[in-house]
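Per Swiss-Prot, these features apply:
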| type | residues | note |
| --- | --- | --- |
| DISULFID | 46-89 | disulfide bond |
| DOMAIN | 108-205 | domain 'Fibronectin type-III 1' |
| DOMAIN | 206-306 | domain 'Fibronectin type-III 2' |
| CARBOHYD | 60 | N-linked glycosylation site |
| CARBOHYD | 70 | N-linked glycosylation site |
| CARBOHYD | 142 | N-linked glycosylation site |
| CARBOHYD | 190 | N-linked glycosylation site |
| LIPID | 342 | GPI-anchor amidated serine |
| MOTIF | 290-294 | motif 'WSXWS motif' |
């Protein structure tokens, strides 16, 4: 009967371990969510446990040092972003979970940056906003748009969460718009507002499909073409004018040309053989401001291809060279002794190097003797 005792001990130990595991991992009530400011100090109580209760603290499953405790409370100094996490307090002997805190470290919001722009005039405009610095915790924004005393609907952008769209109800209105935005989070609140006239926020998107090409046989010309921005809804009724800038890559200074109409321009003063960068901006003909610059186009003016001599072109020169090589040099004359009045019979010609003037005089004398 002595043998079953060890087995009984093992069973008791296993049951005890199961109880401890169940106590540490059994479902508990949702942790308390707490927000604290970056750089501050915080004291986390262990639920309803007495101050002198023997407890152990863990964060995200890792034990914390005992020197961080003040009794049963956990004290954290100079909070950093890395302090965010799930803090749990256990009874030191039984490992019974006493309390949980989900700590978020962040900042209150600063005054938001708000701007409005009409790139689809005269259909409407949009407003967008952002915080100048991150808060590291969730923020809630609320936007209000007034046209005079009338509240306008601001439809949320389907893709950009910090943007909404407003449709113009009355074109060419002299009544100002006022857009207000407030932002809040668990640590604070802030707000701002802007007021503007309809025409002051008109700003088209940049021109599209900017292309630059060399002009054949013109080493100083580049032909530039572009398209009106596709977001501009009615270019016939609300025409755009354009501003073109260009420069060779070797220089930093831009040259500018303002164009009242059309979507093409020929640059006539380009440096031959130098690569150029070209950009175009757009603006409503009467109101608003210039768009941002378009995507840059690059091009190099036409250059003449170097001419390479062909075999056919070289042939006449070879013939001429061969013929001239057979001619006597200026100071050399091929003479026949018979021509010099030697009286002998025909013989092979031989070379006599004499000055040209002497050779001509000798030839003249020979001719006179033959006439006599």
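Backbone N, Cα and C atoms are what each Cβ position is placed from, and that goes for glycine too.
Feature annotations (Swiss-Prot) mapped to structure.
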residue	record	Cβ contacts under 8 Å, 6 or more apart
46	disulfide bond	53, 55, 57, 72, 73, 74, 89, 98, 99
60	N-linked glycosylation site	85, 86
70	N-linked glycosylation site	43
142	N-linked glycosylation site	181, 182, 183
190	N-linked glycosylation site	108, 109, 110, 111, 112, 182, 183, 184
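Counting residues per DSSP class in helix, strand and coil order gives 0 helix, 48 strand, 53 coil for the domain 'Fibronectin type-III 2' (206-306).
According to DSSP, the domain 'Fibronectin type-III 1' (108-205) comprises 4 helix, 50 strand, 44 coil.
Residue 89 (disulfide bond) has a Cβ environment of 26 other Cβ atoms inside 10 Å. Classification of residue 60 (N-linked glycosylation site) by DSSP places it in coil, neither helical nor stranded.
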